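Chemist: Sequence annotations record features per position, and here TrEMBL assigns compositional bias 'Basic and acidic residues' to 1-10, 17-28, 362-374. According to TrEMBL, the compositional bias 'Basic residues' annotation covers 36-46. Marked as domain 'Dyp-type peroxidase N-terminal' by TrEMBL: 126-272. Residues or ranges marked as domain 'Dyp-type peroxidase C-terminal' in TrEMBL: 284-464. What TrEMBL lists as region 'Disordered' is 1-74, 351-374.
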Amino acid sequence: MSTHSDHESANHTTDGGPERGGEPDRGPRATAVNAPRKRRERRRGSPSRDSLPPPTTPKEEHGTPSGSGTPLSRRRLLGTASAAGAGGLVLGAAGGAWGHAAAQNEPPAALTSLGSADVAFHGTHQAGIVTPAQAHGHLVAFDLVSGAGRRQAAALLRRWSDAARRMMAGEPPSGGERDTGIALDAGPSSLTVTFGFGRTFFTRTGMKKELPRQLAPLPDFSADALDKERSDGDLWVQIGADDALVAFHALRALQREAAGVARLRWQMSGFNRSPGATDRPRTVRNLMGQVDGSNNPKTTDDDFAERVFVPSSGEPSWMAGGSFVVQRRIRMLLDSWDERALGEQERVIGRRKSDGAPLTGGHEHTAPDLDKRGKDGLPVIAADAHVRVAAPETNGGAAMLRRPFSFHDGFRDDGAPDAGLLFLAWQADPLRGFVPVQRKLDRGDALSDFLRHEASGLFAVPGGPARGEYVGQRLLEG
Ligand SMILES: C=CC1=C(C)c2cc3[nH]c(cc4nc(cc5[nH]c(cc1n2)c(C)c5CCC(=O)O)C(CCC(=O)O)=C4C)c(C)c3C=C
Ligand SMILES: [Fe+2]
């Protein structure tokens, strides 16, 4: 299977990559002015994004062209403003705030690349898996209400998909009449919405025959202290965006669409470093201060697709192009961790804290040398170091794509932060990814002294929708 889906090209190519799409309503003017903007978006994450002009004020960006009677979509307006800002184009939009500025020959200031970056909704895989993790995330599970079955679920997925497609393009969710307006002044901000199905969905909808074997319940691990009410669920949604209001807007819109069909079971919110916060794009740090994600499978690896996605010939057939996600709420015992000396913290992981390089030398992306011994004859990367115990080499090749969000939900009664990692692991089959690795970590990982697994879920995330399709259609109408 190709690893070059629409989503990857949206996020991992530079100028000249394949075009993305998904917005049926662009006129020729918007198409012309969007070209420079698209090129700039594709540099998302590259150093050049930080040298872009500063953000405009909302007032400068918005307006309704007089006489049209239709508000410009947020996306169109931003595209117009950024192209004009970059190229000094004079466009034919008469009237409105922007038209006035153009007529006065005052180039409107461009929005930052952060707001204008968008991710394609359609493609082989759903967005939000290989998309670089955004600064803000919401993870939500819903249960179908009693009386709601396959038909109602199908209608909900159709509505959710339509809303997601629109919002990811920077438009209001359903034509705008009932929109909350929360994201009105912002661009798509790399919004992604990803949908999945939990094991219970198949019994509730009478589709047991379609239950993937990969959704077998996860085994119990000795260190688990799971809260059932914050675990599992019929339907799962992951929302990510580089703007907090855009992310909340999407969450709220989807919750409203679910009314009468599905009830919120649990919700968790997380965050990552904001784009532009570092001198150059760098691997994110977690709340223990470690560089986290260095040795993730890369989309350019030969076996990336095989590890992460169900192949087109895979079973069940409705999961072609899909993936299985394991979510764990892992609280970090930060008071205890932060007391440890740097050397001990590094020994626990097997990597340097400053730059994420393995203790065996080199830089962040140098492969750890698990055979190397020090002058004392002991392995430089300790027998119970996290990277040794978790490495594919010590787990029969088991691997997963880790794409977590950090969380902080206030402080506990003892004053310790209720904070940690919303761990998300993506794989073609959890039995060849998360399960064997977690079994091993559960037995002998030095890091586990500082962690508490508090909630868990496993969800089937179907492939991305083709144009005109909704997510899960192949399951619900197959
Ligand atoms: C079952 C899988 C894993 C859980 C649960 C897990 C929790 C967890 N990990 C960190 C911090 C780091 N993990 C790192 C590497 C790493 N972790 C896993 C798996 C799980 N981690 C794997 C497969 C790997 C890669 C190992 C390798 O091939 O080298 C690292 C090192 C940097 C990196 O490669 O990302 C850190 C740091 C925390 C804090 C945590 C729970 C809260
Ligand atoms: Fe890890």
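Quick reminder: no glycine exception, Cβ is built from N, Cα and C everywhere.
Are these features on the surface or tucked inside, and what touches them?
Modeler: Sequence-distant contacts of the compositional bias 'Basic and acidic residues' (362-374) (same chain, six or more residues past either end, CB-CB distance under 8 Å): 283, 291, 294-295, 350-351, 355-356, 380-381, 387-388, 391, 393-394.
DSSP states for the domain 'Dyp-type peroxidase N-terminal' (126-272), grouped as helix (H, G, I), strand (E, B) and coil, give 48 helix, 34 strand, 65 coil.
On the 0 to 100 pLDDT scale, the domain 'Dyp-type peroxidase C-terminal' (284-464) averages 98 in the predicted structure.
The helix, strand and coil residue counts that DSSP assigns across the region 'Disordered' (351-374) are 0 helix, 3 strand, 21 coil.
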